[in-house]
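**Student:** Quick one: the structure is below, questions incoming.
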Ligand SMILES: Nc1ncnc2c1ncn2[C@@H]1O[C@H](COP(=O)(O)OP(=O)(O)OP(=O)(O)O)[C@@H](O)[C@H]1O
């Protein structure tokens, strides 16, 4: 039984349950509640488990959806289906407003921020006259589909679960796409993601709104199933429960959200029956036992339940794409290699009196140099000389205190890493910044992000497959190029450090850059790997690419580069061809001190 069959079996079970003779309506209603909660939890998995943004306030978005449809249908006589787009728009708009404020928060301020609006919106719902204050709104009409009323929970069950399974499938598709990779990069590799042209703030907002829309949809369904809304189900407590569902199911697992929703809902229900029977009704211990049970569960299954469930299923039948198949789909990139030939020898990158101060420390002291087209330039100097800071000034990671950086005649100082990436500047990092849980192929495909077009809707509806195949083919080509083809489908975190550095180079090449910035590319590489890297850079230069590298391995630098710039204490002390630098007195003094 493969996973698709498992899903099919699950769907059939769901379809059959209401038809079982004698099945109490109560159980069908409970299953519907699981579905409604699962819808919110799917959004939370994307937001928290995948995107790394913890939200305690998700229940409030259910409230927006539920109250919007309650007002429109119960008070103004709209049909539920007419009210649906408005309910979603209200939830989405609230998410944009709250998201613009919240997603920029980092660390513990983000969850605290979500708690703050979770609490305040709950009180707001209970204060507004139009929303019926704490009594809420009743008399909400039931849903009907093609004239069939869904007032009976058994009928509503089918709609709820069709929506849940549909949402899970669409969200799974979304994650397996160009935008999905960008979302997955949010958790660990934000600086790297920006350096490859991914708009991190926008991507965070997209995820935030997506999760809120699912919550709003759940709220809309809830209102028409319950037929009455009050503030209680949309408060902070409910927000915490949704978060539990997402985490218990398996924080990064879309299908785990359904498992988590089922477990938490059923556990709560069971405890409400069992605990009073054991301890009596005078002490309300259900909440305490519920909390202890969930904490104990998370101790046993730290990654949530879904990985354990998947472990019980037979291995995934869908084979990983074969590198050769991927490569076969690679289309030649229009106007790259030949375009690089144009203007060889002209200045491409120009630093003019670039300066960076950290308080009183001058890390980069009015440094000027050029990188010409088709040239490999090395930036060398003792530890703390200012090399990485200079890289950060060029790539927009750090802002200049004074001076300018021009790229291809355009001033790029003061612009963001994303904009600089769009100019055709790709980089690697001194401390490797890969997403260890993503495969090598996916990591490298992140580098090709700007070369793809498909948006979020295309990804969800699987209309992006041609675009996706092209990006993966390009990534596969670059991985083959650096000699790591056999590792393509492994998690990047499982590779040796030297190999991870090479993967970063492949990722940078996947961007199809004109200028490649490499921060200590040979660090951690074995001798034969350094030789292979030097050969690769030599070939890239022959193709017309420009390279600026920071490197401590002098043998590597002297044998490869055309031009060397030497920094010491932030100041340029020499520049010239390798032969001149080897014997330059100031360089010998800086590296060897008085012994020179
Ligand atoms: N964010 C920062 N805040 C304060 N000081 C910093 C910051 N970043 C770098 N520095 C300081 O600036 C100086 C230059 O650091 P930088 O990392 O650019 O040197 P480097 O030549 O790359 O060194 P290494 O070869 O050891 O990586 C150092 O004195 C460093 O401590």
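Just so you know, glycine gets a Cβ as well, placed from its N, Cα and C.
All TrEMBL annotations are machine predictions without curation.
Here TrEMBL flags 32-52, 84-102, 109-125, 155-175, 205-223, 243-267, 274-298 as transmembrane segment. The domain 'ABC transporter' annotation in TrEMBL covers 349-594.
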**Student:** Among 84-102, 205-223, 274-298, which stretch has the most Cβ pairs under 8 Å to the transmembrane segment (243-267)?
**Tutor:** 274-298
**Student:** Counting CB pairs under 8 Å, which listed stretch among 32-52, 109-125, 155-175, 205-223, 274-298 touches the transmembrane segment (84-102) the most?
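**Tutor:** By Cβ pairs under 8 Å, 205-223 leads among 32-52, 109-125, 155-175, 205-223, 274-298.
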**Student:** Looking only at the domain 'ABC transporter' (349-594), what is the mean pLDDT?
**Tutor:** 93
**Student:** Would you kindly list the residues that approach the transmembrane segment (205-223) from elsewhere in its chain, counting only those six or more residues past its ends and only Cβ-Cβ distances under 8 Å?
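**Tutor:** Sequence-distant neighbours of the transmembrane segment (205-223): 36-37, 39-40, 42-44, 46-47, 50-51, 53, 55, 58-59, 61-70, 73, 80, 83-84, 87-88, 90-92, 94-96, 98-100, 102-103, 140, 143, 156, 159-160, 163, 167, 171, 174, 179, 183, 186, 229, 233-234, 456.
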